[in-house]
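Participant: If you scroll down you'll find the structure; I have some questions about it.
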Amino acid sequence: MMLTILSFILLFSLHIYSSHAQSCATHNFTGNRIFSHCSDLPNLNSFLHWNYDDSAKTVQIGYRHTGVAATRWVAWAINPTGRGMVGAQALVAFRKSDGTMRAYTSPVSSYQTQLAEGDLSFPVSDLSATYAGNEYTIFATLKLDNLTSTVNQVWQEGPLSGDSPARHPTTGANVQSTGNLNLLSGQTGGTTTGSIHGVLNSVSWGILLPIGAITARYLKVFPAADPAWFYLHALFQSSAYITGVAGWATGLQLGSQSAGITYTAHRIIGIVIFCLATLQVSALFLRPKKEHKWRLYWNIYHHFSGYSVIVLSIVNIFKGFDILHPDQKWRRSYVGVLIGLAALAAILEVYTWYVVLKRKKSSHPDKISNGNNGYNGYGAGDQDRV
């Protein structure tokens with residue numbers, strides 16, 4: 001039953017992911033515009049469509065930014081000199097207060113840019129933009145004579161101040177919306193450190209660890225699972241710890257890439273989780289035997305620290321969602337996994353109590369009938385305990 005429900009959770013998560021994947025391929029533009037390549041960009045609900053003529057060194061692009069209010073601006077850029085914002089040659093679009101669209105070019109020379117209009121380092125023609133259904137679209141033709149077919153791209157969005165772009169947020173997806181683009185093959189690469197950090201920690205502390213706790217709590221009710229439940233518990237806990245250490249390492253790398261940006265609460269909770277998890281994994285190999293006088297205290301410590309790690313991990317994962325601002329599908333998928341695990345734990349809890357009460361009920365007549373044969377009320381104590 002546990003495997004069936006866990007399989008359902010996995011299939012449900014994959015369904016959510018697949019329903020959102022490759023959404024650029026199903027989009028149809030108005031005005032008979034057709035693009036031979038497209039890419040779902042990894043952040044900010046953005047998509048790039050393009051046609052590339054290698055002999056003429058021209059590229060026609062259609063940049064889409066979905067789920068954005070009309071009171072915000074959007075931009076897509078090529079950076080010929082490096083990665084990131086400074087040096088980017090941007091196409092900017094927004095809807096003015098009178099309802100008309102404005103699309104223009106803006107070279108970005110510093111982090112304090114106001115996205116003022118100016119010529120780019122390469123020619124741009126047929127520049128236009130539309131806004132409909134909470135979606136901006138920028139169209140343009142670029143002449144890339146001095147660039148290779150692999151370029152660095154940047155995309156961005158931010159608020160408007162009147163009819164001028166204001167500063168965009170400097171956290172989460174807004175600082176991760178960069179990558180490279182191969183105009184010939186269509187392959188793209190983005191800033192993945194934050195994504196890897198989020199996935200590793202969600203899987204380790206947020207999924208494997210609760211499964212390990214469920215294994216330890218409920219599998220031992222089945223006599224046939226003894227002592228296999230302990231090894232399964234140790235396997236899940238150790239896997240969670242190893243994967244979590246890898247996630248912690250990517251978090252350090254992400255912090256080095258975001259100098260000056262700190263999330264104190266997220267960091268402190270992460271350190272506490274790491275320390276408690278280290279003690280938990282060590283305790284698996286240092287636990288006293290059942291008859292040892294310290295076993296009771298070890299059980300209390302192990303259960304308290306284990307459940308503390310689970311609660312803190314879930315809290316910190318949601319803090320991570322607030323920091324990285326991934327697509328809502330990932331938050332919903334994780335919430336779905338938590339609901340599935342909680343439902344599984346509830347079902348197994350009810351079944352566990354059913355088994356315990358049934359054993360106690362069946363053992364009581366034996367205690368009474370055999371009371372004069374040396375079998376008293378202490379005889380079945382260990383069998384009733386789960």
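Just so it is clear, glycine is given a Cβ too, placed from its N, Cα and C backbone atoms.
In case it helps, TrEMBL gives these features for our protein:
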- 1-21: signal peptide (SIGNAL)
- 44-158: domain 'DOMON' (DOMAIN)
- 157-357: domain 'Cytochrome b561' (DOMAIN)
- 158-177: region 'Disordered' (REGION)
- His197, His233, His266, His302: heme b binding site (BINDING)
- 268-286: transmembrane segment (TRANSMEM)
- 298-321: transmembrane segment (TRANSMEM)
- 333-357: transmembrane segment (TRANSMEM)
Participant: Between the binding-site residues His233, His266, where is the Cβ count within 10 Å the lowest?
Facilitator: His266
Participant: For the domain 'DOMON' (44-158), give the DSSP counts of helix residues, strand residues and coil residues.
Facilitator: 0 helix, 66 strand, 49 coil
Participant: Give me the non-local Cβ neighbours of His302 (heme b binding site): same chain, 6+ apart in sequence, Cβ-Cβ under 8 Å, ordered along the sequence.
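Facilitator: Spatial neighbours, sequence-distant, of His302 (heme b binding site): Gln280, Ala283, Arg287.
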Participant: Limited to the domain 'DOMON' (44-158), I'd like the whole-number average of pLDDT.
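Facilitator: Computed over the domain 'DOMON' (44-158), the mean pLDDT is 89 on the 0 to 100 scale.
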